[in-house]
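Notes follow once the structure below has been shown.
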Amino acid sequence: MESRSKSIHISSTTMIPALLLLLLLLLSLIHRAQCFYLPGVAPEDFQKGDPLKVKVNKLTSIKTQLPYTYYSLPFCTPEKIVDSAENLGEVLRGDRIENSPYVFKMQEPQLCTVLCRITLDAKTAKQFKEKIDDEYRVNMILDNLPLVVPIRRLDRVPNIVYQLGYHVGLKGQYAGKKEEKYFIHNHLAFTVKYHRDMQTDSSRIVGFEVKPFSIKHEYEGPWSEKTRLITCDPHTKRMVVNSNTPLEVDANKEIIFTYDVEYQESDVKWASRWDTYLLMSDDQIHWFSIVNSLMIVLFLSGMIAMIMLRTLYRDISKYNELETQEEALEETGWKLVHGDVFRPPSNSDLLCVYVGTGVQFLGMVLVTMIFAVFGFLSPSNRGGLMSAMLLLWVFMGIFAGYASTHLYKTFKGTQWKKIALKTAFMFPAIIFVIFFVLNALIWGQKSSGAVPFGTMFTLVFLWFGISVPLVFVGAYVGIKKPTMEDPVKTNKIPRQIPQQPWYMNQIFSVLIGGILPFGAVFIELFFILTSIWLNQFYYIFGFLFLVFIILLITCAEITIVLCYFQLCSEDYKWWWRSYLTSGSSALYLFLYAIFYFFTKLEITKLVSGLLYFGYMLIASYTFFVLTGTIGFYACFCFTRLIYSSVKID
């Protein structure tokens with residue numbers, strides 16, 4: 001027994017340097033990961049005069065969060081609208097990629113090309129006004145690059161930032177009048193940037209920018225296909241450079257859509273063309289905030305680890321020095337509840353189901369993070385991240401079934417099929433109900449964000465056809481594998497738990513336990529929410545992976561600390577509390593989501609607000625299951641370790 005105590009003392013002096021070494025290794029991997037980039041699509045070479053396919057994507061708004069198809073507004077249409085094949089992630093994101101009437105030819109500039117002419121009626125005018133009022137943006141794609149609007153900012157370096165998509169129009173007032181009018185952007189000045197290969201003389205597209213203008217085009221005589229505009233004319237080299245004579249949106253108004261195309265040679269290579277899009281936010285603040293958060297959490301985690309290991313070493317040494325029965329009878333603290341500490345908890349079936357589901361999510365997140373760190377899920381692969389997460393969650397069902405039934409067998413359970421069935425259906429059913437209600441709301445708004453019936457069938461097939469069978473396969477393996485014996489025997493009669501001090505109250509200790517794990521992620525959470533709800537790219541997966549590792553460590557340590565205090569107070573009901581302690585960080589996540597909604601977003605419509613809180617409820621519930629499982633397993637291993645380290649008479 002003396003040697004066992006000594007081994008615990010050795011681990012207390014080596015754990016912190018080992019942890020720091022691991023973090024240094026992760027930082028080096030992150031540095032390499034940001035240099036190593038897998039674009040997800042093959043480069044395409046163009047010769048001068050080659051046609052370029054300009055595609056249109058959904059209309060988006062950060063005010064409504066409801067995407068619509070491009071042709072839901074009466075824009076100019078090609079002879080035949082052709083949908084591009086979207087992957088599962090793109091469909092769930094609301095992407096609807098279609099061809100467009102724009103005709104580009106490589107390195108052949110165009111000036112004031114007329115796209116089409118339409119006349120608004122009362123209905124179409126109202127549609128345009130509603131989209132302008134909600135600040136909708138038009139998204140387009142060229143060679144897999146999204147269209148951006150360069151905006152000059154003098155208060156930051158670099159002084160040019162890029163906005164995804166251009167606004168459908170704008171609201172304004174005529175000089176000397178108070179009435180607000182709606183104006184449409186009907187002239188687009190495109191800039192295609194390309195990098196030329198000197199050896200082959202071929203070019204690759206590295207940038208796709210636009211400057212939108214609103215202009216009331218004028219012409220002489222009746223309109224025909226050969227009509228020349230006065231306001232912009234390629235023959236006289238007259239260009240649109242401002243919106244001093246904007247085009248008002250109203251019934252019976254004529255709209256002439258025109259565009260320019262300019263080609264600029266660029267030094268940016270094809271492999272680096274996404275750097276412009278990924279440097280939209282202030283990197284210095286982002287990096288400083290994350291590093292600052294990590295240092296604080298690392299310091300706290302190190303302190304907790306040192307205190308816990310030294311305290312436990314002293315306790316174990318003291319307990320093992322008790323030689324007589326009289327001394328053993330006078331023992332206090334966590335050793336006193338050794339006969340009840342491994343007694344199965346109430347609602348043990350439900351705990352097994354939640355732990356199994358948490359293992360499923362933990363596996364999904366870890367593998368997704370690894371793929372993302374090495375660039376396989378880059379922004380150029382639209383919908384790739386969501387598709388990967390869905391498929392990984394389905395295939396991780398085998399680990400969910402194994403974890404839930406193996407724990408159930410530890411509790412001496414026999415109805416393992418019932419546990420497997422609950423694991424396969426309970427959490428997905430809850431999420432599916434919420435998702436179905438939200439999808440119905442989106443359908444009611446006639447938004448392209450509504451999941452089509454075919455995609456819904458695909459999701460159900462992934463659930464019933466792949467996930468459920470895999471859960472049962474894992475459950476069968478888990479129930480057949482022998483479990484570890486408990487370090488101590490459980491008494492037949494439960495021990496009475498003494499009255500606990502106020503600070504050991506279950507609700508209080510659970511709520512306190514969730515603060516530190518939330519503190520480890522809330523800085524990164526801000527950037528994640530911004531990328532989701534403010535239509536920006538999220539790309540620092542290396543730092544996100546590091547934050548996730550810190551989250552794992554923090555959840556484990558805070559749960560172990562509070563579990564130790566609980567056992568020292570002779571309260572042996574630690575099973576559920578260990579799960580809830582770290583899982584309570586999900587409550588703070590949802591509270592932060594409420595704070596973010598009222599301080600950062602401009603959502604005013606009821607349906608949009610319901611969508612936001614519905615999706616954040618799903619995210620918080622998932623976070624609860626994930627962090628709760630981490631805390632549970634940490635406490636499970638901790639209790640087995642300490643009770644196997646002392647002599648029990």
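Just so you know, glycine gets a Cβ as well, placed from its N, Cα and C.
TrEMBL annotations:
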type	residues	note
SIGNAL	1-35	signal peptide
TRANSMEM	287-309	transmembrane segment
TRANSMEM	351-377	transmembrane segment
TRANSMEM	383-403	transmembrane segment
TRANSMEM	424-444	transmembrane segment
TRANSMEM	456-479	transmembrane segment
TRANSMEM	507-534	transmembrane segment
TRANSMEM	540-567	transmembrane segment
TRANSMEM	579-598	transmembrane segment
TRANSMEM	610-643	transmembrane segment
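Contact between the transmembrane segment (456-479) and the transmembrane segment (540-567) is absent: fewer than three CB pairs lie under 8 Å, with pairs separated by 6 or more positions in sequence. Within the chain, the transmembrane segment (383-403) has long-range Cβ neighbours (under 8 A, six or more residues past its boundaries) at 40, 86-93, 95, 355-361, 363-364, 367-368, 371-372, 376-377, 420, 423-424, 459, 462-463, 466-468, 470-478. Touching of the transmembrane segment (540-567) and the transmembrane segment (424-444) is ruled out by the presence of fewer than three CB pairs under 8 A, sequence neighbours closer than 6 excluded. Within the chain, the transmembrane segment (610-643) has long-range Cβ neighbours (under 8 A, six or more residues past its boundaries) at 65-66, 312, 315-316, 334, 338, 341-342, 351, 354-355, 357-359, 361-362, 365, 427, 430-431, 434-435, 437-438, 441-442, 484, 486-488, 513, 517, 533, 551-552, 555-560, 563-564, 567, 574-575, 578-587, 589-590, 593-594, 597, 601, 603.
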